[in-house]
Amino acid sequence: MSSFLVQTAVVRLFLLGVVFWFPFALSSSCAEIASKFGTWKSEGDAPPSYLSPTVDLLDGLDRIRKKIINGTISSQYDFDNLLHRLISQANDGHLQIGLCSREIFRFQHGTPLTSVSRDGLDLPQLYVHSDAVIMHSGQVEAISPVVEINGLEADYYLQSRIAVTLGYQDPDARYNALFPSPSAGFTGTYSAGAWASNSGEWPGSAVLTIRFANGTRLEVKPTATWPATNGPMNYTDGQALFEAACLPGTSSKYIFGSFPGMYLGLPAYELPRSGPSVFPAPTIKDSNGLVRLYSLEDAALQDVAVLQITSFRMGGEDSREFSATIRQSLDWASSHGKTKLLLDLSGNGGGNVIPGFDLFRMLFPDEPIRSETRFRSTELLDVLGQAFSAEYRGADAKEILDPPLAAQNAVSPDQEENVFGSWKDLFGPDPNYEGDSMSNAYAVFSFAAASTTFEPISGYGSAPLAIKTRLFEPQSIAVVTDGRCSSTCAIVVGLLQAQGVRTVTFGGRPRKAPMQAVGGVKGGQRWSLRTISRHIKTARELLAKQYTSTAAQANSTRRLAVGHLLQKLNDLAPPALPLIPRMEDNEWEFALRFDTYGQSSVNFRDAYVPANETTPWQFIYEAADCRMFLTPENVVEPASRWNSAARAMFGGREMGSEKCVDYVSV
């Protein structure tokens, strides 16, 4: 059978719940487990200036449990979607959960939309993406903007039905994520946008009706993909499919979700062009295509280089190649008369923070890196910290960069060592932190311990200083984003902004108002649920070892204290997940399978900036220096955004029509 299921009957059967009816007890238990994992989330209450609505996750989980008890929820799919939407309302890209029924089918359609301004300054309107392509060719007479979707005003439908589930903390970033991403092809992610994919969720009806301003209508029919990793589609009833996807245990060679093949089947329609096919050939690039250096063709912009970085998801040898490519690119730009640099981080969702720190140090080799983080001081973390801090001492502590729960391993935000004499000194809670119970401030990790020649941070540890003097001054560097910059990308932009580097961002909601360059998560560290399970497992082993040690046997008071910690750990900890995705039954302590692809996570640590050391950076609004709306040319030829950004940021107003939206001046 084709991986792409277009039969409407299949979709309707799925929607009607024939695919699976779920055991209420299991899903109620799932909500209980989610609440235990939720206690690891670091952020507290947001200040009034925070743009996104806040959500009480524990209260939301309680309401879901009540719906299970009173029979309001009738299927596993309904339950999983409710839980997914609740988690999404936190608008925290580090807070995610992979739920079994949502991994079975992925719904999408082939009519992406885009938001286009005629000149980059007038308010944009919604168009079918293919119409934007026609607009760029100059044939505008027959083109009409989209005004309604399923009887609702189009922008309202998109923002209230879809954008709210996308996990970005900024509403403009969520809006941009609805539409095609030209950089998605570099990282192998879906390129048509969340309106076309609906985050894989059933959109609520088998037909979506688009109405245009000229009165014409277009019917869009969602289809379902069957991931090849789910194996053959040979299930004859919903119960069998439910058991394969959601219950531990299988007699087949491969576990559901682990069959060889692509994560998603190829759709039956053409996706918007993305990645290398839509950008010019770079002067320099790495083997993964994540780092690319360009020169601008415009005669007036020959002194501008563009360094495009689409992801920081890498490690090991890829990190070393990344570092070498950045150095080669900056050296080439400087030696070829480039005095200005555009750093394009559009669509960059983050990844490994070490390459991000390395990038900053190559741009500003004379500036030390400051990082400030805190975790929530909870009972469970206290137990883990006591277990790790008692076990790892001296040289041993240097070997455990993660978890950051050994006091001996922690350094100050300015990288001072030996500042925490005990676990209590690190755990706190900090008496100067108002409101929430938070740890004392400390760095992401020790750069001296983390930086190696294999995975370098320039000038730290065993990694030499790759570039010894600045090649570009702050006023000659500008960061370009689409607001979706997240995690490590956010950390890099924050470090650059602290040096005076300016930012320019494209798109966003159709309103003449500021927009943030960093609209994604600005947390200090993401922990996957498997990481949490691994740390809990290790802590149990350490405490059991301490409990039976010779020292404990000789000291009944110490043995009693360790036994108390071990009991508390067992009481507070969530059930373990398999430490390797899709492991066999004996690794499960939970009745339902979830996190099939290992993507579930929480934000373990908050990040802070020197100007405000008590409000998590996630909640601080930072408008870009310049905002532009996308023109048809910017949509079809995304490299044209670099010309617009360079003229606005480096050339001043006198260079012509390339201006920022008029709420702000450069």
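Including glycine, each Cβ sits where the backbone N, Cα and C put it.
What Swiss-Prot says about this protein:
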- 1-27: signal peptide (SIGNAL)
- Asn70: N-linked glycosylation site (CARBOHYD)
- Asn214: N-linked glycosylation site (CARBOHYD)
- Asn234: N-linked glycosylation site (CARBOHYD)
- 303-504: region 'Peptidase S41 domain' (REGION)
- Asn555: N-linked glycosylation site (CARBOHYD)
- Asn612: N-linked glycosylation site (CARBOHYD)
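On the structure: features taken from Swiss-Prot.
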residue : record                      : contacts (Cβ under 8 Å, 6+ apart)
Asn70   : N-linked glycosylation site : none
Asn214  : N-linked glycosylation site : Ser144
Asn234  : N-linked glycosylation site : none
Asn555  : N-linked glycosylation site : none
Asn612  : N-linked glycosylation site : Ile620
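Secondary structure at Asn70 (N-linked glycosylation site), taken from DSSP and collapsed to helix, strand or coil, is helix. The secondary structure of Asn612 (N-linked glycosylation site), as reduced to three states from DSSP, is extended strand. Confidence for the region 'Peptidase S41 domain' (303-504), expressed as mean pLDDT, is 92.
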